[in-house]
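So that you can see what the record holds, here are the features copied from Swiss-Prot:
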COMPBIAS  254-280  compositional bias 'Basic and acidic residues'
DISULFID  Cys295-Cys313  disulfide bond
DISULFID  Cys317-Cys337  disulfide bond
DISULFID  Cys396-Cys418  disulfide bond
DISULFID  Cys422-Cys445  disulfide bond
DOMAIN    66-206  domain 'SCP'
DOMAIN    289-384  domain 'LCCL 1'
DOMAIN    390-492  domain 'LCCL 2'
REGION    254-281  region 'Disordered'
SIGNAL    1-23  signal peptide
Amino acid sequence: MKCTAREWLRVTTVLFMARAIPAMVVPNATLLEKLLEKYMDEDGEWWIAKQRGKRAITDNDMQSILDLHNKLRSQVYPTASNMEYMTWDVELERSAESWAESCLWEHGPASLLPSIGQNLGAHWGRYRPPTFHVQSWYDEVKDFSYPYEHECNPYCPFRCSGPVCTHYTQVVWATSNRIGCAINLCHNMNIWGQIWPKAVYLVCNYSPKGNWWGHAPYKHGRPCSACPPSFGGGCRENLCYKEGSDRYYPPREEETNEIERQQSQVHDTHVRTRSDDSSRNEVISAQQMSQIVSCEVRLRDQCKGTTCNRYECPAGCLDSKAKVIGSVHYEMQSSICRAAIHYGIIDNDGGWVDITRQGRKHYFIKSNRNGIQTIGKYQSANSFTVSKVTVQAVTCETTVEQLCPFHKPASHCPRVYCPRNCMQANPHYARVIGTRVYSDLSSICRAAVHAGVVRNHGGYVDVMPVDKRKTYIASFQNGIFSESLQNPPGGKAFRVFAVV
């Protein structure tokens with residue numbers, strides 16, 4: 001007997017055992033038919049996909065996926081002491097949408113996998129809500145044995161008695177507090193050698209990434225007893241919770257349908273590759289903190305009402321006639337570079353100088369040092385001091401809070417040398433919080449890669465500590481997902497700049 005596509009149900013999840021997938025007879029497939037009919041024209045042909053103004057997931061599906069994740073995370077056993085409330089992230093949604101459009105039954109793209117977690121699900125035949133797959137991921141718990149603290153010496157064992165448990169562990173990974181998903185309709189999708197004519201493909205991306213080898217998915221203990229300080233002691237239904245975090249949703253230009261139409265291949269002459277995905281959110285910044293100045297430039301000329309920290313002086317300033325007023329504290333009409341030579345920060349070969357504005361001084365003392373005679377002045381005026389620019393090599397985990405936190409009126413950080421491959425660093429220990437302006441809890445080097453001031457092969461970075469911000473915005477740039485943060489207690493901020 002011949003069975004049509006409507007009469008069969010196929011349901012699977014990535015990383016199940018690679019074997020033939022059982023089929024079940026479905027007597028009624030009208031729900032899926034109605035859903036798919038919205039994508040056909042009068043002749044029964046599939047529409048060509050429109051420009052991307054819509055999203056590949058509805059508000060209802062978004063909310064149901066999010067609610068189910070938080071419900072499942074709140075009821076883990078043994079109980080979790082540090083399980084964080086999960087929120088929706090539009091950048092993760094966009095990356096999930098991009099991968100869902102590829103219709104490839106594998107994790108990807110490879111450029112993102114070091115920094116995100118990912119669960120996949122697919123079915124065809126009878127309609128299934130996306131929460132069907134979320135629940136199936138969680139149901140792997142029956143095969144998972146939680147590693148208690150006394151078993152972790154120092155690494156925790158991973159015990160899974162079934163085909164796979166990593167979907168479950170990603171769903172309940174305590175620090176994975178952001179999720180974004182997308183749904184796509186894939187024609188003739190290859191699922192482990194079987195061709196599914198109309199596969200409904202669900203991709204969910206998570207950040208920070210879970211499933212780190214040697215770690216338990218969460219800490220066992222009384223709920224909310226080990227929440228990170230950034231949550232301020234907030235707890236909601238056994239989850240670490242910060243007031244207001246559940247009320248933010250990204251703005252939608254237009255409501256979308258449940259299944260995204262696959263783009264026609266007829267009009268697309270460009271073959272997309274994995275490298276296309278890695279460069280979609282590429283950001284490059286050549287903005288420098290260090291300003292190149294001449295021997296004659298005075299701080300008063302170069303710095304009016306802006307934050308001026310670091311200058312690059314040319315060689316030969318000993319021969320300049322530009323005046324310098326004061327000693328130790330220099331008057332604002334002094335030459336920046338000649339004041340630096342006078343104080344001994346640089347020599348006649350030039351170099352970098354850090355400047356700190358010091359407010360008004362009642363007088364300035366003349367002196368002769370390092371071949372430069374300064375002028376005395378017994379009149380109140382604004383002043384500045386000079387200091388040496390040091391260079392320090394750091395790790396991918398080093399933060400501004402550790403190295404050079406902001407202190408009023410200003411702080412100077414050494415010029416930082418970042419190592420290679422910070423994109424692949426563990427985002428739990430090398431967080432990136434913010435966009436353009438970053439929380440000082442962030443990894444300096446991963447923030448620099450995110451901002452585009454240095455590539456993944458490492459290099460020099462200038463860091464400017466600044467006062468705290470009320471809001472840090474999440475984004476996906478250069479292969480790194482940054483976190484959002486609202487009203488952090490106490491912490492300061494920083495910016496990163498290129499060294500050219």
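Glycine is treated like the rest: Cβ placed from N, Cα and C.
Here the Cβ of Cys313 (disulfide bond) has 26 other Cβ atoms within 10 Å, regardless of which shown protein chain they belong to.
Around the Cβ of Cys445 (disulfide bond), 31 further Cβ atoms fall within 10 Å across all displayed protein chains.
Neighbour density around each Cβ, counted as other Cβ atoms within 10 Å, peaks among the disulfide-bonded residues Cys337, Cys418 at Cys337. Under the three-state DSSP scheme, Cys337 (disulfide bond) falls in the helix class.
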